[in-house]
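Lifted from TrEMBL, the feature list:
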{"type": "DOMAIN", "residues": "25-89", "note": "domain 'P-type ATPase N-terminal'"}
{"type": "TRANSMEM", "residues": "61-78", "note": "transmembrane segment"}
{"type": "TRANSMEM", "residues": "84-102", "note": "transmembrane segment"}
{"type": "TRANSMEM", "residues": "284-307", "note": "transmembrane segment"}
{"type": "TRANSMEM", "residues": "327-352", "note": "transmembrane segment"}
{"type": "BINDING", "residues": "400, 402, 824, 828", "note": "Mg(2+) binding site"}
{"type": "BINDING", "residues": "400, 401, 402, 504, 545, 568, 602, 682, 683, 684, 798, 804, 827, 828", "note": "ATP binding site"}
{"type": "DOMAIN", "residues": "850-1104", "note": "domain 'P-type ATPase C-terminal'"}
{"type": "TRANSMEM", "residues": "881-902", "note": "transmembrane segment"}
{"type": "TRANSMEM", "residues": "914-934", "note": "transmembrane segment"}
{"type": "TRANSMEM", "residues": "963-983", "note": "transmembrane segment"}
{"type": "TRANSMEM", "residues": "1003-1021", "note": "transmembrane segment"}
{"type": "TRANSMEM", "residues": "1033-1064", "note": "transmembrane segment"}
{"type": "TRANSMEM", "residues": "1076-1098", "note": "transmembrane segment"}
{"type": "REGION", "residues": "1174-1194", "note": "region 'Disordered'"}
């Protein structure tokens, strides 16, 4: 045994060593198998035919409630303990387990089908010098495979050669990142020369040394050694599994990672399972119920012992103890008997019902046509069905800016060239003229290559270009050359640009219309039409963008041999690298930048530098060495870029507008009225984000103060935060008040809560990324949190994706509040996953955010409907369901408790066993589901009119530990009435014919009939919104009860199953007596009347916001207030341009990797500023066809 363990350990150590670096050799399976690399088979299923039953049951019985009911079932098999038949627990348990097992089996069968379909796909593999068709699962690391057009990539491959010129291939990565635009990859020249020559490919014996398997989709580091030469490998030379080959006849690739090691499978790890606060509370309550159940059973056991000692001896003559049983053992057995009898305090159907309710409410979100966006044919989608009620409890919203609050559709509005500003219009007196749709546009018809959709109004810029102004020409020449845009020309003169970011597309299109048309590119050249003349520039190098550089540059050689570096980037970055001779121009340009900032525009500064041929050659040699280095590649390249990008000459600045989405200011105003705090976490510069904040109505002029935190040291940040906090709350304590407590199951989780502090008035906080990094440190995080939570609006600028997640985690940790994160890009994924609720917007930045989200839709304005309508209704319905469910089950169980005092604590049941079995499954299941799926206190229009209706959910007013205790007290009262009124009424009572009616079976029938009618009446009182389905469920359940009861108590059932149906004739003998029906009426009245009286008095003395609005609904028609249009704020604050590029795209251009896919048509910008929904106007349901026609007519 010891040798086996040691061998296993050795294998584990080897595995760990091996995976520090991967080494493989092409066409050498023996060599590669020695490293024990996995093959290409995948397995996403959880079970097989042998393991399904044990594993699935094991998973299900890990749930506390299922294990509890299994324990009860075994107790019922013990004759000395069980007072109920085994089927009363077995039938519900088997039903619940079966439903869950069928669902799990269906899901796993689908996984098996998917796995088999993928693993059995065929691909051509080069084996022993010939191509053979092999299944994907049999492909090994080191194999060379051949792919054809529209074929899925089999594994993670090193591209060797392709049918396309320059060894390019085009791949679609929708399954990896959700983006449908084509990506371009290119093989090394040394491998590309092999083409499709099978002999050369079979003789290829290159060795690849690379990183171990990981989940980084955007990075790959490795080297290829071939004939003693080493070549650098990066992500642009690798095809990842999950991609699809497009527009490429064939290609050959070398398998690097297979099956589970591929980046696709490495990224398919388990997503964090999110659970709602109600789920956590229910776990605690179920644990408390177990304790309460044990307490009740202990009381019953003690009662049994006392009764046996005092009264039991009288019955020993004709009811003797069984052998070996005495009073003490009888008491012990009665404890377990009552565990069985009173088990309904933890109903097994509760968990099934909760999932059905959540699923139903998710469908309402999917089907909501008021959240459908016809322009993109995008409906709202509930991607997770277990979080609906938490949408009604949101306290903090964390939002991205670009693409979430704004459209991420850029328009070139203004520019500054050599100190001259263009884009504004002025009248004869020098006053600025507002530009409207009627303002005359610049006519670009003389330019046959101009984009007809481009709009510009300042004619002076066109005149400047006609005059041949050299600075203006250099400005647009830079825009036409310094970019990573790809061009496609299907027809002569019809150009289609595909840009990595909307900013780039807007700038290149502007250059195109003003005479500098980017026509095409090859890996070595860029072709530009300059004022009608074709010029071909040699592309020497691209100095790529990254998050630290905040700029990009290109080095080009003109046909005359002149070498120029063109650079564009954020103003502060470019200004640091300008030649001192530009100081005067820099001052004028800075003034223009300030004006653009006031309009909330995204700015970009342009500069150039002429280079010497000799210096460039020496620099290129060092650049090649750095780009092929395995260690410190990025750092060495950054140093080279810094060296060459200095002493540049300023050309000017551009300004593009990122328009707000429709209805954003109104949505934010509505959410603020609902007491939801909104934090914007953006990568944009402070001034840009601040001005968008004003445009969005998050920052308002009427705010008492807006604090700016921009210090560059920890001490400075602390001082600024403290000064802001002291100004908002002068009497507040210096140290935060942190409440420490325990929560969770068994109270094992320690929680720390920072209490909210009262602030007089509204404040805003703007903090930049550097200051935020200090604020998130351990010793400053509480100070940051206190100050930020005192403000109504918080804007964090220049933040990284990691910082976004850290901010969300900070609020979750110390505020114990429900958070929601909303974004549209890959940089928002970490924030979306960190928040309690993640919302993705399907926008211009791909589908990464949507793929990671819990809910998704197309426009930010739909968020108010998601929260104020669907979220609030879901929370209200779930709380009503839980309160009612616990009420009806505690009432059902407490009647057993009172009956124990009359049956010698013998664990005899007060109801018929079949009634106990069917109570939760049949008689009361559908009415409560109808309540929980369809109920609403007020309709959606009133919910918008009074956003304050949302606040009870934030405060957990409808379901909490206190509400649970009230529910138990209500159940206790009802059970007293339900037991003692029928008992008193039936005591010594006779039938009309003088026969005795007070037998056990008649009393059981009366008690259970009273119970069912009372709980249904209680449900009617709780229902605010009646539908035909509700009515059918309530009356149908009562009808089903009487039908089943008369059937089960009939002579026929008794004759067929004598022992199972002993209540023969009880129904017809009891229910034909008037005093029985009078007793039912009296019991119902005494149970319901106090509830009605209490609610009436409570509404009169302490009405809630729901009571007030519901009272108003009955008296008034919903008003349609005029929309509030906030005035545009003009500021002199500087604005900064925020790149939306991805790092590495420049290298793709220079290494002959460019896109040829035609982009989608540019969408028409919104012409309607405020939607009826955003203005709270009454809305009318329209068909989707009508909405599409209306959008087209606009």
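The backbone N, Cα and C atoms fix where each Cβ goes, glycine too.
By the Cβ criterion (distance under 8 Å, sequence gap of 6 or more), the transmembrane segment (1033-1064) is not counted as touching the transmembrane segment (963-983), fewer than 3 such pairs being found. When the alpha carbons of residue 545 (ATP binding site) and residue 828 (Mg(2+) binding site) are compared, the span between them is 20 angstrom. Residue pair residue 798 (ATP binding site) / residue 828 (Mg(2+) binding site) shows a Cα separation of 13 Å. Considering other CB atoms within 10 Å as the measure, the emptiest surroundings among the binding-site residues 400, 683 are those of 683. Taking all protein chains in view, 28 other C-beta atoms sit within 10 angstroms of the C-beta of residue 602 (ATP binding site). Sequence-distant neighbours of the transmembrane segment (284-307) (same chain, 6+ residues past either end, Cβ-Cβ under 8 Å): 64-65, 68, 327-328, 330-332, 334-336, 338-339, 342-343, 345-346, 743-746, 897, 900-901, 904-907, 961, 964. Rounded to a whole number, the distance between the Cα atoms of residue 400 (Mg(2+) binding site) and residue 602 (ATP binding site) is 16 Å.
A Cα-Cα distance of 10 Å separates residue 828 (Mg(2+) binding site) from residue 683 (ATP binding site). Residues of the domain 'P-type ATPase N-terminal' (25-89) grouped by DSSP class, helix first, strand second and coil last, total 30 helix, 1 strand, 34 coil.
Figure note: comparing Cβ neighbours within 10 Å for the binding-site residues 545, 798, 824, the maximum is reached by 824.
On the 0 to 100 pLDDT scale, the domain 'P-type ATPase C-terminal' (850-1104) averages 88 in this prediction.
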